[in-house]
Amino acid sequence: MVLKIFFPICCSAAESGLLVGRWIPEQNSAVILAVIHFPFIPGQVKQYLSEMQHATQVKLSVLGSWTKTKQAKEESLDRFLEDLGTIFSHDPWIQLSKEKGSKFWSCSASWKDSNGNEEDENILVYYDQRKVMLSQLHPAQDQVVSSDQRTVEASKLVAVFDTVAKSKLLFMKDRYDEGPVKLTHWQSEGVEASIIVELLKQASVPACMLITFLLSLVCGVCKSRVLTFWPLSFIWSKLSTCEQLGHRLQHLQIISSRRKAPNQTQLMRKANIFLSLLIDMTLGILLMSWLYQKNRIGHLANALVPMADHVAQQLQDLLQWLMGVPAGLKMNRALDQVLGRFFLYHIHLWISYIHLMSPFIEMILWHVGLSACLGLTVALSIVSDIIALMTFHIYCFYVYGARLYCLKIYGLSSLWRLFRGKKWNVLRQRVDSCSYDLDQLFIGTLLFTILLFLLPTTALYYLVFTLLRLLVVIVQGLIHLLVDLINSLPFYSVILRLCRSYRLASGVKFRVLEQEAGKPLRLLMQINPLTYGRVVQLYKLPTYSCYPKDSWGSLCKKLLVGELIYPWKHKGEKQD
């Protein structure tokens with residue numbers, strides 16, 4: 001029978017005494033947590049372990065004895081430690097001891113019901129108690145092994161990790177404390193503490209209370225009936241800045257909540273949100289300080305109006321080209337002139353609007369720059385909204401062209417069914433047979449001919465403005481991707497993986513230290529950290545925006561038939 005003993009490395013230098021830990025009968029394993037060294041009274045040890053067991057919910061017991069060095073003068077001590085097995089009566093009773101002048105340890109286990117013929121094979125597994133206690137074991141990714149086998153192996157490791165993690169209260173007592181029991185474990189030299197951390201904890205309480213009060217006021221204003229009326233609700237749902245502010249407001253509510261995180265995952269989520277907010281605001285303040293240096297906002301405002309004029313002039317040249325003979329194509333001149341003048345009038349209105357707003361652009365940019373203190377994501381969302389407002393005429397051109405093109409496409413498809421004696425059944429959502437009279441066929445032929453010959457002109461305008469609209473959407477999409485990256489990237493988990501990789505464990509590996517016939521096999525248990533990709537996958541924060549729910553095939557189909565596309569939706573409701 002194989003007996004596995006998990007022994008903490010920190011107890012290798014402990015004085016002789018008793019081994020305290022948990023016995024796992026399902027795995028035939030003993031997890032050593034601490035060493036109780038002399039002097040001690042057995043009754044007080046039993047009482048102390050009973051109190052710890054009630055507090056930690058871990059079945060603690062005295063598993064055996066430990067001897068630091070095995071010398072001839074300490075044979076009486078060995079016999080005394082062996083006799084303690086009758087007092088604490090644990091089955092099996094484990095005896096560990098170092099051999100002086102040798103790197104091997106002697107290990108023996110005595111069973112009450114053993115007949116003496118069966119020889120046990122003992123395996124000593126050394127582990128870093130501090131790392132195992134602070135680490136969190138994560139489920140493994142899909143592997144080749146079967147799910148049952150993977151579950152059994154994971155449960156064995158979980159039992160060891162949980163035993164050490166739940167015994168934090170046992171490690172709070174060091175050997176300098178006054179009491180009847182002296183323990184040796186990873187924190188025996190004194191409980192780790194930081195004055196700075198304690199001061200920050202005390203200072204965070206009033207700060208959290210103040211933030212909670214301010215957030216309650218902001219939430220009350222946001223939930224008021226004033227914002228539910230049509231104009232304000234419409235603006236709130238369309239602007240990316242409002243969505244980002246609402247998203248960050250939810251993050252602040254989570255951080256300032258007085259409710260304690262129920263598990264390690266929620267605690268990591270809070271830490272990731274806090275660090276994401278901190279980095280976001282730091283980058284925003286750096287951006288704001290850069291904008292207000294050397295009058296960069298004034299230079300930007302002076303360059304914005306000429307840039308808008310240049311874009312409008314390029315659009316006018318493009319429309320003049322479309323109203324002629326674009327690429328040698330012969331267009332329907334009447335429709336071409338009507339569409340061209342219609343769009344030129346819109347550009348004229350847009351230029352007048354820009355020049356009307358030009359005296360106030362610098363003041364608007366100055367106040368917009370102040371919003372960068374709320375975070376880089378808020379500043380990027382404002383930039384996205386400014387791009388949407390500055391290219392609103394392009395969006396209008398795209399909508400007009402798409403609606404006109406879609407109307408002709410659906411009209412041609414309906415008239416094509418008329419020629420084949422078919423019609424679309426609206427109730428059953430299918431194509432059924434239908435008989436038409438001569439007048440209906442004549443009108444249908446006339447309309448089909450008109451739509452067919454007008455289609456190239458409409459399709460050309462639709463193609464040009466769709467390409468312009470897609471260019472604007474790509475620019476806004478890149479900005480939204482950057483905002484989503486900052487919102488969702490788990491900065492705390494990534495930094496924790498970089499600095500303390502053992503905190504995020506995916507499993508363990510065993511390295512053979514010593515192996516010799518007749519001696520216990522000595523192994524060193526080391527923690528395998530999660531990969532960076534797995535860390536991001538597990539701790540990625542949810543964002544308020546989502547990517548296109550349509551596939552690329554569906555998106556191309558919508559472009560071909562002239563349906564409006566909304567590649568960047570927010571909460572499943574926001575549309576351009």
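Positions of Cβ are set from backbone N, Cα and C atoms, glycine also.
Remote same-chain residues near the transmembrane segment (273-292) are listed as 248, 251-252, 254-255, 369-370, 372-379, 486-487, 489-492, 495, 541 (criterion: CB distance under 8 Å, separation of at least six residues from the stretch ends). For 273-292 (among others), the entry in TrEMBL reads transmembrane segment.
Outside the transmembrane segment (338-356) by six or more residues, the chain places 305, 308-309, 312, 315-316, 319-320, 322-323, 392-393, 396-397, 400, 457-458, 461 with a CB less than 8 A from a CB of the stretch. Residues or ranges marked as transmembrane segment by TrEMBL: 338-356 (among others).
Sequence annotations record features per position, and here TrEMBL assigns transmembrane segment to 368-391 (among others).
Distant neighbours of the transmembrane segment (440-464): 318, 322, 326, 329, 331-332, 335-336, 339, 343, 401-402, 404-405, 408, 411-412, 415-416, 418-419, 562; these residues of the same chain sit at least 6 beyond its ends, with a Cβ under 8 Å from one of its Cβ atoms. The feature transmembrane segment is assigned by TrEMBL to 440-464 (among others).
Under the heading transmembrane segment, TrEMBL lists 470-495 (among others). Residues of the same chain lying 6 or more positions beyond the ends of the transmembrane segment (470-495) and with a Cβ under 8 Å from any Cβ of it are 240, 244, 247, 268, 271-272, 274-276, 279-280, 283, 376-377, 380-381, 383-384, 387-388, 391, 394-395, 504, 532, 535-536, 538-545, 565, 567-568.
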